[in-house]
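> Let me begin by handing over the structure; questions about it come next.
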Amino acid sequence: MACLNLIFLLVLSVLVGVTEASLAQFSHQGAMAHGDIIIGGLFPIHEALEAVNNTDLNSFFTSRHPNCSRFYTKGLNQALAMIHAVEMANRSPVLSSLNITLGYRIYDTCSDVTTALWAVQDLTRPFSDCDSATNSSQPVQPIMAVIGPSSSEISIAVARELNLQFIPQISYASTATILSDKSRFPAFMRTVPNDEYQTHAMVQLLKDNKWTWVGIIITDGDYGRSAMESFVKHTENKGICVAFKEILPDSLADQQKLNIKINKTVDIIEKNTKVNVVVSFAKASQMMLLFQGLRRRNVSNKVWVASDNWSTARNILKDVNISDIGNILGFTFKSGNVTTFHQYLTDLQFKSEAELNNPYLEEFFKQPDIGNPAKAVQNLIKNTYLDMVFNVQMAVSAIANAVAELCVKRQCKTPTTIQPWELFIQLRNVTFEKEGEMYNFDANGDINSGYDICLWEEHESEEHDIIAEYYPSNSSFTFTRKNLSDIENVVSKCSNSCQPGEYKKTAEGQHTCCYECLVCAENQYSNQTDADACSKCDTENMWSSTNSSECHPKLYEYFEWNCGFAIVLLTLTAFGILLLFSVSALFFWQRDSLVVKAAGGPLCHLILFSLLGSFVNVIFFVGEPSNETCRVRQVIFGLSFTLCVSCILVKSLKILLAFQMNLELTELLRKLYKPYVIVCICMGLQGTICAIWLTLYMPFKDKVVQKISILLECNEGSNVMFGLMLGYIALLALICFTFAFKGRKLPQRYNEAKFITFGMLIYLMAWVIFIPVHITISGKYVPAVEVVVILISNYGILSCHFLPKCYIIIFKKEHNTKAAFLKSVHEYARKSAENIRGLTGTDPVYVISNPSLVTEEKQASVPKIDNVA
């Protein structure tokens, strides 16, 4: 037990000694200036080259200390920006009016977490062991806030330490999204946006340029992994695929491991030939090695999207030209006017500055490549990052304004008058002015001023050409340079774009950006490039062919007025109507002639009237149908043609009565022969059929949705009723045909029976053909078929019943006399007698059974004799 206690005491003494030794190495080694309020500063004045292992007992309990031997001029430049900003604040009315000043203590982080933490320990300890002759302890003025560091990874570690005492920390370059988590880093603030905005802006840039197949490279650590996670999240929402994710080791000490990983990354970039855009959140030194490896492999023509981590580090092109690697688009923080800082650098007096407790400046002046003050100033100006300087100045301005607001109501000359937590609360609410713009920290402790997008040029200048600005408020770019053909012509896609009319089909297990393009099917469309799927057309009203980029409206289709076929039919209809009026006028003029009376007399005008109705009815079959036209057209046709056929039926019966040789049948027919009664009965039956049809099965306008059109047609309501109407007319026509066929051998010049026979035969044939055609065909020309049949029927009746009579009246006037009529009758009787004599051997005697066929004068001259067998 005693042995264990001895070992414990020994270990404890070693730890205390190591801690004191570690703290001692930072005491009075940084730049400092006295003031009423002290600000801490953490800047990368040096860069670590490699780790050095110690073999003594102390190394067993301590971390490996980096060899901070390589001077980093840009880090010194940032520290000088803080010093200059403090001096400007002390001279400004904000502080000078209160008679208070800011002081500072600046330490070197050596770009290393452990070194930064030792610096924080020294910054926050209440007392310092001064290297005085008496080695006595004296109080050290506490710091109220810390500016820096620049690295997100170091800021995360430092923030955890400062949170213990609630000392506000303002970083000028740390962008890790995790630092906006106030539950974990309540005292952390920054004058730059977090990486969430940067990754969103990067993805927006990729989307705008249609770069959907990209790679990403990061440095291992909290910053890199957080940036990659945010970037990948945004790419998934924008349809962008990450072809590869390469993570470079965080430590630069193990060069062998780093080189192996760099070579592997070069291999992957070389292998992915379709990846022409690479996003990098890596360290600048790692990108330098990567570019050198790519140049050796002759891999060029890439677009590199650089994060703020290395977007202004032009020194990485030490042995490489931009033309060797492609184009570099860098995201940098918004900057302001740093003319006063450049003047400050120009006016530096290195020896006097060294005497003012700035050993870093003295060390810089002693660097081998400096030599004289002029060259030193030139080197410092060359290594000025405008955005970094501006962000450091904003941090100092925020602290100065917050201190001024606190010190208005209290005496700040006393060191403990203000506590760090009070300054933190004031900083979160402070609003300060910088170059005419007002700034303040948001709810996450960030100042989100946006980004500048710069394009690296081939010349040696450290300043890059700003081509665009990004505003997080509306997630948009404003381009300040228009000619960017070298960037815009770059294609970075896994698959070629699918054109409108096509859609993407991704194979199972592949990235969504790797696909094949398939054409959209019928009634589907895609109206954008790289559509994920085809949209369906509303097939009720729209249509599309295969590989279509839009839906076309289905046009209404019907038998139009301007259709050529319709014009021909309407012309024939108009000619028929004109012919009807001409015949009607001629028959009215010759109404007392034998030919007109033999043709039916008043019944002829009734037939002509019915044909007029049938002709006029044709117009209801042309044009866009409506419910009214659908109901009217078949009814008008049915009634008008029934009137026509019933009149012809009366004529047929009259002819049969006139020359009938069977006395008993003649007597019966004479009793039944009531012309107008017969016509009314026939019309009444058809009217009843139409009334039932319109009442129970009313025709209506119908829409038939077709492939590329909508057919407007009339639905007859009931095909049975339509067939019954036509069948009834056909029955009357068949009766007419039968009666007329019996009288086909009557006198030639006045033989109505032959013409009736031909007329009814034409009608029956036309409608017999119409029925199967009407049933089998479809489309807008269905009404035209019925119109053709109607015209054939009308012209058939006109041609057979009226035109021959017109010919006789006009051109054969000698046949339209009494003598010609009697001659025709006697000739018919003579021939008939010869035929009978040849059959029976006796002379027959005939009686004209219907004397109404002739005038009274003619009846007086014709002896009435009975038929003698």
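Using the three backbone atoms N, Cα and C, a Cβ is placed for every residue, glycine included.
Below are the features listed in TrEMBL for this protein:
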DOMAIN    565-825  domain 'G-protein coupled receptors family 3 profile'
SIGNAL    1-21  signal peptide
TRANSMEM  564-589  transmembrane segment
TRANSMEM  601-623  transmembrane segment
TRANSMEM  635-656  transmembrane segment
TRANSMEM  676-700  transmembrane segment
TRANSMEM  720-741  transmembrane segment
TRANSMEM  753-775  transmembrane segment
TRANSMEM  781-803  transmembrane segment
> Residue list, the transmembrane segment (635-656) vs rest of chain: Cβ under 8 Å, 6 or more residues beyond ends.
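Same-chain residues near the transmembrane segment (635-656) but 6 or more away: 599-600, 603, 606-607, 609-614, 616-617, 620, 669, 672-673, 675, 678-679, 682-683, 686-687, 689-690, 693-694, 725-726, 728-729, 732-733, 735-736, 739-740, 742-743, 746, 752-753, 756, 759-760, 763, 790, 793, 797, 801, 850.
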> Using Cβ atoms and a strict cutoff of less than 8 Å, what residues sit near the transmembrane segment (720-741) while being 6 or more residues removed from its termini?
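For the transmembrane segment (720-741), the far contacts come to 634, 638, 641-642, 645-646, 648-649, 652-653, 655-656, 682, 685-686, 689-690, 692-693, 696-697, 752-754, 756-757, 760-761, 763-764, 767, 771.
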> I need to check the long-range neighbours of the transmembrane segment (601-623): which residues 6 or more away from its ends have a CB within less than 8 Å of a CB in the stretch?
558-561, 566, 569-570, 573, 576-577, 580, 583-584, 587-588, 591, 629, 632-633, 636-637, 639-641, 643-644, 647-648, 650-651, 675, 679, 783-784, 786-787, 790-791, 793-794, 797-798, 801-802
> Excluding the flanking five residues on each side, which residues at least 6 beyond the ends of the transmembrane segment (564-589) place their CB within less than 8 Å of a CB in that stretch?
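Long-range Cβ neighbours of the transmembrane segment (564-589): 596, 599, 604-605, 608, 611-612, 615-616, 618-619, 622, 781, 784, 787-788, 791, 794-795, 798, 802-803, 805-806, 809-810.
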